[in-house]
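Chemist: Here it is, the structure in full.
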Amino acid sequence: MRGMIHAVEHQLLLRQRRLVVWVPVGVALGAAAFFALPWEPEWWTCLGMLLGSACAGVVVLAIGWGWLLARVIGGGCLAVALGAALAFAALHRQPPMPELPARAVVLSGLVRSVLPAQPVSGGRLLARRVELADVRFEDYLTDDLPPLRRLITVRLQRGDEAPIAAGDRLKVRAILRPPPFPALPGGRDRQFDAWFDGHAGTGQALAAVQVRPGGMQGLASMAAWFTNLRAGVDTQVQAALPGPVGAVASILLAGRGESLPASVRADFAASGLAHLLAVAGLHLGLVMLVVMGVVRRLLVAWPYAALYWPCKVLAAIVALAAGGFYVLLTGAHLPAQRGWLMAGLVVLALVAGRRGVSMRGLALAACVLLVLSPQAVVGVAFQMSMAAVMALVAGYDILHRPLLDWRARTPGFVGWLVQHVAGLAGVSLLAGLATLPVGMAHFGVIEPYFILANLIAVPLMAVLVMPAGLAALCLMPWHLAGGCLFVMGLGIRIIIVLAHGVACLPGAIVPVPVMPGWGLVLCLLGLCWLCLWSGLWRLMGVAAMAVGVLSPWSVARPDILLGPDGGLVGVRGAQALYVIGQARDSFLVEAAWAQALGLPVRRVDATQPFETPEDDMTCAEDGPPDVCLLFRHDKAIVLIARTGGEGVSDLCAGADGVVATVGLGPLCRRLPLRLDRHSAWWHGAEAVYLGGSVPAVRQARRSRLWVLRPGGHATPLLPLAAAE
């Protein structure tokens, strides 16, 4: 045992200068562990746990400060405790979720942003949406209450073309809905997203809006100015480049992607080019590179500046300022903010004469982001960007010197071309492989041809699309951007054709079952070990990542799914997911189920005779109408689609369970498995596993601060009692 401890400490001593980069890993683990708790701990429980972890770390540090292993253990405890404390503070810093009126109500609010009409499948257009702040409900119950502290997004009626701009006051009659519950246990939690995004829910307008021009002050007025500027850029782009080309250009220049057809977005996703449609580090880096190159050329052209000024540093500072403006122009989304922060650290390193891109700089950026928004650790944007950048920095550390040596031995154009092609291929390969597990966990797909598509699309973005787009932005105030937008459109057309061609290749999208949470954690920890450690021991991370990638096929998949409102029932088959019933959010629920199980959805009419290819499920054959029977794992389950009709009690007498899209009332009370609309009302979406001796049920609802109470209830909007 003592020899093993000495061996571990010897390995730590060899890498003690790199141990500091593990601090954000500990902070992220602490935050993720806090958000994963199934219940909401009391504040005194959290305080005790945090103080206990922190004290344990301090004690270990105090006792064994001269012992490196003790310092690592103590520092790890402190980092995990810090992450949990940051998550606790961020959770309780948000305003409470209000209970929205369950009836149609007249509301008024301040327009934060206007989202244009959005195309959907079938060629239809969804109406515009407006994001409202300081919302008030004009009824006798809430007339005297202060405005909501959260945002509400209202979709306008079709044909309502009233001119609306950020900063206006808007009044409309609408029906409101709270954030939806997860579609299945372990699925995407939109209530968690709404809690931290500051949203209270969505609404559908029931009448034409009334608009009164208004004004904002302070930071709100600046946000409104950028919102209106964004809308102006979008208008000029759409006028010069109609159709999907203009929609992609609007995403790149204004962050407005609502007008992009769903088919084009699907092609980008299938070809591994979806990252081009999300303004993040790649776009920001290209913008800053173009600006830095132009500014440096201009400075060097002036002999006095070339001799006496630090042209490279000045160009980098100007590029950072231009990048900040670009981030604000495109909506200041979290991935773009993260990229700008990392770019700021690179510029700071250049000013200080240090190496610009390093693992320590990435660790510092990750720590700052986790301090500002610890909830980002469970989001796909943070996981993908950090995984990609970490892999690129680690790959640069390993391959930079060999590539320089090879370039020195191979002069000329051929060597230059091979070096750049190999560099682009390496970047695409490293970033794609690093983000593969994250894509599997969050999107349920693998894109095998991502390297092929990125080898062509990324150079086009860097050489043609973004430089022309930046020139167009500079000329837009004088309405002279037509030529630059035309050049930009040429590059975008090539990328769209490329995305469609790659998406049409056989096996362009490989659906995979949902990855369990422990599988994703194992993949990310393995990637951290592979990138942050050194020597042959780092290859242990590959083994951990392999186990995580294979985890979707090592866990049991649910046999039956019940929707969050109890209106949909899904039965997993060998080749499809069979769905019966109707629900308000059928499309979203079915899409989430298909992604989680890696199977296409097939709707089943329970009133018509139906039988699965596996012969384990029949509908409307030997029983009442609207009733299906499932025989699997030596168990008989009754599935009731609507009313169930007469004879359900007789079926329940010989069944092992019943799942219904209606309230069962007194029917089938003695069965061990009994799920219906009322159980979904209490517990949310439910998943049934029939493989064990007794059917197992997994429920989606957790007792957390962001989870709404049964029925979607939250903090009531009631006036205070009158003072005596």
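Heads up, the Cβ atoms here are built off N, Cα and C, so glycines get one too.
Feature annotation from TrEMBL assigns domain 'ComEC/Rec2-related protein' to 252-534. What TrEMBL lists as transmembrane segment is 20-39, 46-67, 73-91, 273-295, 307-328, 340-357, 363-393, 413-437, 449-473, 485-509, 515-536.
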Chemist: Below 8 angstroms Cβ to Cβ, which residues of this chain, lying six or more residues outside the transmembrane segment (413-437), approach it?
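Modeler: Long-range Cβ neighbours of the transmembrane segment (413-437): 272, 384, 387-388, 390-392, 395, 399, 403, 406-407, 446, 450-451, 454-455, 458-459, 515, 519-520, 523-524, 527, 545, 548-549.
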Chemist: Under an 8 Å Cβ to Cβ limit, what residues of the same chain, 6 or more beyond the ends of the transmembrane segment (515-536), are close to it?
Modeler: 14-15, 18, 21-22, 25, 32, 36, 186, 359, 383, 387, 390-391, 393-394, 434, 437-438, 440-441, 542-549, 551-552, 555
Chemist: Count, for each of 273-295, 307-328, 340-357, 363-393, the Cβ pairs lying under 8 Å from the transmembrane segment (73-91), and report the range with the highest count.
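Modeler: Highest pair count goes to 363-393.
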Chemist: How about long-range neighbours of the transmembrane segment (20-39): same chain, 6 or more residues beyond its ends, C-beta under 8 Å?
Modeler: 75-76, 78-88, 91, 192, 359-360, 362-363, 366-367, 370, 374-375, 377-378, 517, 521, 525, 528, 532, 702-704
Chemist: Please work out which recorded stretch in 273-295, 340-357, 363-393, 449-473 has the most C-beta pairs separated by under 8 angstroms from the transmembrane segment (485-509)?
Modeler: 449-473
